[in-house]
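What follows is a single structure, written as structure tokens, with notes after it.
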Amino acid sequence: MNYQEQVDAATRRYRDTSPERVAINQQKARHLASVADSTVQLQARVDRLARAGLVHADSLLRAAPKPHSMDRTILLENIIDLTNELQAANFLSRGAQTAGTVGRIVGDEAEPRTPWGTGFLIAPSLIVTNHHVLPDANMASSALLELNYERDLENQPTSVAAYRLDPCMLFLTDERLDYTVVAVAAGAGNDAPGDTFGWNRLIREQGKIVIGEAVNLIGHPGGRRKEITIRENTLVYQLDDFLHYTSDTQRGSSGSPAFNDQWEVVALHHAAIPATDEHGNWLSLDDGPVGPDRPDQVRWVANEGLRVSVLLDDLLARDLTDSQRRLLTTMGPQALPTPATPALERAGVPAAGLRADRPAGGSGAHLVFVHGRGQQGREPARLRLNWLSGLAEGLSRGSFAPVAAADIRFPFYGDVFASALPESLRDRTMNDLVIDYRTTAFAVQIPVNESTRELYARLLEQAATRAGMPIRVSTVREEEGLADGLVRRIRRSLGWVADRSRLDEIVIATVFRDVAAYLDQPAVRDRVLAAVLDCLPDAGRIVLVSHSMGTVVAMDLIARLPAALDVEVLVTAGSPLGLDSVTDRLLTAGPRLARPVTTWINAWCPADAVAIGCPLGDDWPHVTDVITNNADGRAHDIAEYLGDVRVAQAIGIALK
């Protein structure tokens, strides 16, 4: 279908869903909410916002003043509304960074080049645009992607970076869904465009947006230099395959990414929808008849974009060659299908870790990943892919060969850890904390072992002191031994740490709570270490990479390793090992390694509250501290840590 046919199809879909939009507006009015959707979609959205640390305790209190009498759908609507009231100060800077991934598709000809549409990077060397922009490989072979075609802070034209498309490497298109994914050739320095400008990580799971939330677009309308529309555009309806949203777009915006307020792509824009009369004729700005040849006179009422999840499902369901599939995996694990869940796992049996049949590199060393807390119920294969995506990026930057997922050992203790916890701590997911408990106070008032609660309070107080919190000796003495006093200590420390980091209170609370449970409960520690040891080789050399609470587990693990196993490289990332209350309770009872390791890299980000005790070099011997610059909103993310070239280099050298 050409562009006109796509517009006609979008217009029919918009007209056919008019009754549903009326019902949605009525629901908004009844609930006094700006968002409305199915309870399933609303729940998925709140879950996603909570995992990103964007649902705050004050919003939860305001959303549910009478939680036991409020309808769950209304509660979810209110949470989303209140979360969207204000944007973080980094909203615009993150948008500006994301804009770098969007380019203009033009003909490969002498200047001035003819603009065909917009496209955006979805992997280091892949872009997506519309089928009606690039309908076949021949046309793609005569096209260029122009990045940085915009104006700078002084309103001056910037230098454009032009890349040739490479349909011989990959070209996949679908006429009905109106998308084309095509490879992009490397630039003059043999660098992929995504290495210079970044790329958008398409997300397959639900929960990215609900009806009534803002839609932000970046593109090249009319072939002009890059433009952006933000905050005044909203999602009005979700179809099975497409989204309808209000937005001021023009011809030439085809192929633009449509984002939510977290700058996650929610749709591939492909058509504007005109107002029509009862006969389907297009209407002008003054409600008279108008033809498609006068787009500036048309009264546009909405726009349509292809849902990202639908695009990914269709793309990855194809009969792909091995090389095509490998190239598509560079989009990252968040874009890929979830591996099939084994029958035992579906039946509720704790998931086992993942072993490897061979070493991970030519050196003969085994690569082992040790994850952090909060992984119960998740799929080890999926988690391993997430770690691998970050490592692959770091290895690529350091010119090291990639590592196959099947060659990585991934001990999984998430289910074992959860089942070993006292009953009062089990099955407390992020969603439970957000929806059922509503404030972080409930997270610390759960009736756990008294010594665990005291250790939890000390961990948070030490973290807060590291962050500059004044010590209130008299208050601590007065409150000692009182349950509500302990809660006040925890809440004060927690609030101080959260205010000085990029992590949400709930994330910080649950990480330190679980570290305290691991360190204070011998039975919990023994079961976790047994689960990890069960996945290790009997002998040889290992590269041990650990994250978050997993760094604490890794330190104890070294103390219990078989004599025939040696640690070639130890990586700790986002670690709480800089806190005295952690190191004092390790199996070594202090900041020292139970056995020598050849190389120890400790990666930490100043915005990561879990790593607030870093650098470790002040207390721990033989450690090299590496400060990383993790992306906003991902300060504690393992993929961000492993994507740092210095961290990946230590791993790559050991495996080479």
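Numbers here mean position along the shown chain, with the first residue as 1.
Glycine residues also receive a Cβ, built from the backbone N, Cα and C atoms like all the rest.
Feature annotation from TrEMBL assigns active site, charge relay system to His132 (among others). Sequence-distant contacts of His132 (active site, charge relay system), defined by Cβ-Cβ distance under 8 angstroms and a gap of at least six in the same chain, are Met1, Asn2, Tyr3, Gln6, Asp178, Ser254, His270. In the three-state DSSP assignment, the secondary structure recorded for His132 (active site, charge relay system) is coil.
Residues or ranges marked as active site, charge relay system in TrEMBL: Asp178 (among others).
As annotated by TrEMBL, active site, charge relay system applies to Ser254 (among others). Following the DSSP three-state reduction, the secondary structure of Ser254 (active site, charge relay system) is coil.
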Where Asp178 (active site, charge relay system) falls in three-state DSSP terms: coil
Fewest other C-beta atoms within 10 angstroms, as judged across Asp178, Ser254, which are the active-site residues: Ser254
